[in-house]
Every structure is written in C-alpha cells, then in structure tokens.
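A.B. asks: What follows is a structure written as structure tokens; I'll ask about it next.
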Amino acid sequence: MNHTIEKEELNPYLIAQRQVDAAAAKLGLAPHITELLKKPKRVLSVSFPVKMDDGTVRVFEGFRSQHNDAVGPTKGGIRFHPGVTLDEVKALSMWMTFKCGVVSLPYGGGKGGVICDPRELSTSELERLSRAFMEAIADIVGPERDIPAPDVYTTPQIMGWMMDTYSKLRGHNTPGVITGKPIIIGGSQGRGNATAQGCVYTIQCALKDIGLPMEKAKVAVQGYGNAGRIAARLLSDLGATIVAVSDSRGGIYDPNGLDIDRVEQLKDTASIADYGSEYVLTNEQLLELDVDILIPAALENVITKENAPNIKAKIIAEAANGPTTPEADEILNAKGTIVIPDILANAGGVTVSYFEWVQNLMNYYWSEEEVLEKLEVIMVKSYDAVRTLANEYDTNLRTAAYMISLQRVTAAMQARGWV
Ligand SMILES: NC(=O)C1=CN([C@@H]2O[C@H](COP(=O)(O)OP(=O)(O)OC[C@H]3O[C@@H](n4cnc5c(N)ncnc54)[C@H](O)[C@@H]3O)[C@@H](O)[C@H]2O)C=CC1
Ligand SMILES: O=C(O)CCC(=O)C(=O)O
C-alpha cells in the first residue's frame, strides 16, 4: 500500500503562477506571454537601520515588487508582518496586476512588505521604520511609477508618514505617491471602508445568484481588521447575522448571532475573547462553521485540501489575498461552493485608492456619496462580467476573473509592442 500523502504547495508565488497557467491555458496564450505574466518585472530588496527607543539599532529587511506596468503605473499595498517573504510579496504583486485588470483600473500590480511585528514597536519606532522603508524604496516609487497603499498591519497614519518622507525627498508636496492617507492630507472619503464595501457589493451579487436574501444569511469572518471588521459591520447593518469573527488570537462564535457593537467595543478596549469563554473558538474551527457566507479576511493559505471538504459555506468571499490553495479550490468547485476570488472580492480597496490618486492629481475632492456610487458601479459591473464569462466557458469565477485580466494585460503589452 502506498501511504505517501502528497504535500500541498503553499508557496504563494508558485500558487499565483499556477493560477496564471490555468487561465492562460483556457485563453490559449502564447508561451512567452504566459512566461512574462508569471514573473515580476522588477524587485527591490532592501535592508535598513532603525533606532529603537532604548538606543539600540535594529536592521530590518523589506521588499517592493513591481509585477507588470503595461497598463499603467504599478499599484499595491505595503505589509508589515513577521511572516513577510520575498515570494509572498512577488505573489501579492501579481495578484495586484490581475485585480486591477478585473476592475479595469489603469494600473499594473505592485506590492511591498517589511519583515517586522508592528505590535511590538512603539509609535515612534513605527514612525522611524515607516519613514526609513519609504526612503529605501523612494527611487522606484512615485505618482507616475508605483503607488503604495495600506495592507496588513499598515494604517492611514503610516501612509501619512511615508507620503511626508517622499515629499521631503522630492522637495514638494506629493500626495499622489501613496493612497490610504488620512483625509486631511489628501486621503479619499470612503477609502477606509472600501475593501469591505467592495466585498459586500460582490456578496450581494452572489446572494442574488443563489436566491438567498441577506436577512437569512449567516456569516463567519476570519480576521478582524480593515477588511474583516468593516465587512462584518456592513453586512450586519444590511440584516445578515454575524455568527463568528476572529483575529490573530482566536475567535468567538454565537450561533444566534454576535452583538457587533459589543464585539467592536471589546476589540477597541481589550480582546474579542472577553465576549465570554463559552463563545470562544479557534481560527480553524471558524472556517468549518455551518454558515452561508465565509469571509477569510486575514492571511494566505487558510483554506487547504485538508479543511476544504469540511467547509459548509455556500459563498466564500475572499477579502484576504490568497486564502484558498488551488487544491482547495478544486474541492470547493466540485461541491458547488461559490468562491468570489480575491482579485474581485477585495478589489474595492484599490478601486477607491485609484479614486484617491485621481483626486490627488486633480487636487479636487469628492464626497463619500460620489465615491461609493462610483465604487458600486465598478464592483457590480465587474462581478457580472466575471459571472458571464464563467458561465460561457463553464469555469469558476477565479479562472474567469483571471481570463479577463490576462486578456487586458496582454492587449496592453501587444499595444506597446512588447510581445
Ligand atoms: N486593507 C486593504 O485595503 C486591503 C486588504 N486586503 C487583504 O485583506 C487581508 C487583511 O488585511 P487588512 O484587513 O488590511 O489588515 P489589518 O491589519 O487591518 O487586519 C488584519 C486582521 O487579521 C488578523 N489576523 C492576523 N493574523 C491572523 C491569523 N493568523 N488568523 C486570523 N486572523 C489573523 C489581525 O488580528 C487583524 O484583525 C489581507 O490579506 C490583505 O492583503 C485586500 C485588499 C485591500
Ligand atoms: O489600495 C491599494 O492600492 C492596494 C491595496 C492592496 O494592497 C490590495 O488590494 O491587496
């Protein structure tokens, strides 16, 4: 008997390349085009010193990957996390290219990351680290080159420090170098909620597809930060029942629905675990709950071939980037689970980042209503286009989303005479 269990590939860069291969094969793309789409155009790796409050100096390592700029300048967030790797940042930059393609933004994809744990740093250490990283990557970013934004454990305040550093280096105010800034220095109305709001628009489309009213939907959310916390709030306001949420320390579950006001208050003042010991569950258990909608909104590779067979949700809305492995995807597709892929489900963030950049370049600012109205049009139109193509090619939403993007980026590369 053969007891060999094949180990699942969890390197996000190799996973992103497999996703490109799957869509490229459906489109019949030439091998050299596929090869180009599977690698970043430019990667910068930096080490830089930061003075700690106790007088010592620590050296940090960070990366900025620019995947493809055929459609326009590269765009994508900066992650501060102890688990950041070069391959992760490369994958995230690829996903940004295809995300911008699905929602038709005039951008390519970029991403940055610093290996650090901001939860262990004081505010002044975090400020020095943020400014030092921006200084280290300043030569390759800029409003017409590559425009960063927030991602895991980075905030509007960090974007503000980075914009200030870049502006000082250039000798003039340059708000368009980064998005997700505080409103007072050129941030956009609606950017704070945008990732979650965009995700909610796509969930509304998917609920229509399966004929389930929002008021009857039970939801579990993994990750309680910018994407997950706001998604839980917005869905709760629309009448859904949020039965479980979690953060890096674990989760809470009440089959009758959590009191979202109380959860938010606990997150701000103590820990969500203080909701009550009888409600506590693990991040792994949360994924397998009997819910209608599951929103992974934390990190990569949480839905694998190990737990995919036990997942009961009818809809998985990937607020996080890369939460589902290709093997898990196959299992979920076979079960008929609707997986709204990351490059569509969480594209609301970069869409409003685009609006922020446009406002910075015009120096003319829009109301929150204008922003949300424009965001909804883009998200619904993009979902419909992906759904239509998926039906036409008898494939899943992820492959269809990639097909739309790959076609767009390929057309841009051809128009420039690259391929
Ligand atoms: N912020 C944005 O605009 C966008 C974020 N995303 C993606 O959404 C995901 C979350 O990002 P944000 O909400 O911005 O980050 P965040 O830093 O605001 O929140 C992250 C949340 O995840 C939790 N978390 C961390 N490790 C965890 C673990 N192992 N298990 C469960 N929870 C864990 C944290 O406690 C925190 O609640 C990431 O995959 C990010 O790339 C995607 C598009 C845009
Ligand atoms: O707002 C942006 O430019 C990008 C946000 C981001 O990093 C993402 O969509 O994964």
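Glycine is no exception: its Cβ is also placed from the backbone N, Cα and C atoms.
Annotations in TrEMBL come from automatic prediction, not curation.
According to TrEMBL, the protein has these features:
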| type | residues | note |
| --- | --- | --- |
| ACT_SITE | LYS111 | active site, proton donor |
| BINDING | LYS75, LYS99, SER353 | substrate binding site |
| BINDING | THR195, ASN226 | NAD(+) binding site |
| SITE | ASP151 | site 'Important for catalysis' |
A.B. asks: Can you tell which of the recorded positions LYS111, ASP151, THR195, ASN226 lies nearest to SER353 (substrate binding site) in space, using Cα positions?
C.D. replies: THR195
A.B. asks: Between the binding-site residues THR195, ASN226, SER353, where is the Cβ count within 10 Å the lowest?
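C.D. replies: Comparing Cβ neighbours within 10 Å for the binding-site residues THR195, ASN226, SER353, ASN226 has the fewest.
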A.B. asks: Across the record's substrate-binding residues LYS75, LYS99, SER353, the largest CA-CA distance in angstrom?
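C.D. replies: Answer in Å: the longest Cα-Cα distance is 13.
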A.B. asks: Should any of the recorded positions LYS75, LYS99, ASP151, THR195, ASN226 have a Cα within 10 Å of the Cα of the residue listed as 'active site, proton donor', which are they?
C.D. replies: LYS75, ASP151
A.B. asks: Relative to the Cα of LYS99 (substrate binding site), which of the recorded positions ASP151, THR195, ASN226 has the closest Cα?
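C.D. replies: Sorting the recorded positions by distance from LYS99 (substrate binding site), the top entry is THR195.
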A.B. asks: Could you tell me which of these recorded positions, LYS75, LYS111, has the greatest number of Cβ atoms within 10 Å of its own Cβ?
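C.D. replies: That would be LYS111, with the most Cβ atoms nearby.
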A.B. asks: Please report how many Å separate the Cα atom of ASN226 (NAD(+) binding site) from that of LYS75 (substrate binding site), as a whole number.
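C.D. replies: Cα to Cα, ASN226 (NAD(+) binding site) and LYS75 (substrate binding site) are separated by 19 Å.
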A.B. asks: For the recorded substrate site, whose residues are LYS75, LYS99, SER353, find every other residue on that chain with a C-beta no more than 8 angstroms from the centre of their C-beta atoms, and list them by sequence position.
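C.D. replies: Checked against the 8 Å cutoff, the neighbours are GLY76, GLY77, MET96, CYS100, LEU105, TYR107, GLY109, ILE147, ALA149, ALA347, GLY349, VAL350, THR351, TYR354.
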A.B. asks: What is the number of other Cβ atoms found within 10 Å of the Cβ of LYS99 (substrate binding site)?
C.D. replies: 29
A.B. asks: Tell me, how many other CB atoms lie within 10 A of the CB of ASP151 (site 'Important for catalysis'), whichever protein chain they belong to?
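C.D. replies: By my count, 24.
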A.B. asks: Which recorded positions of LYS75, LYS111, SER353 contact ligand 1 in the sense of C-beta under 6 Å?
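C.D. replies: Among the recorded positions listed, not one has its Cβ under 6 Å from ligand 1.
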A.B. asks: What does DSSP say about LYS75 (substrate binding site): helix, strand or coil?
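C.D. replies: Assignment for LYS75 (substrate binding site) reads strand.
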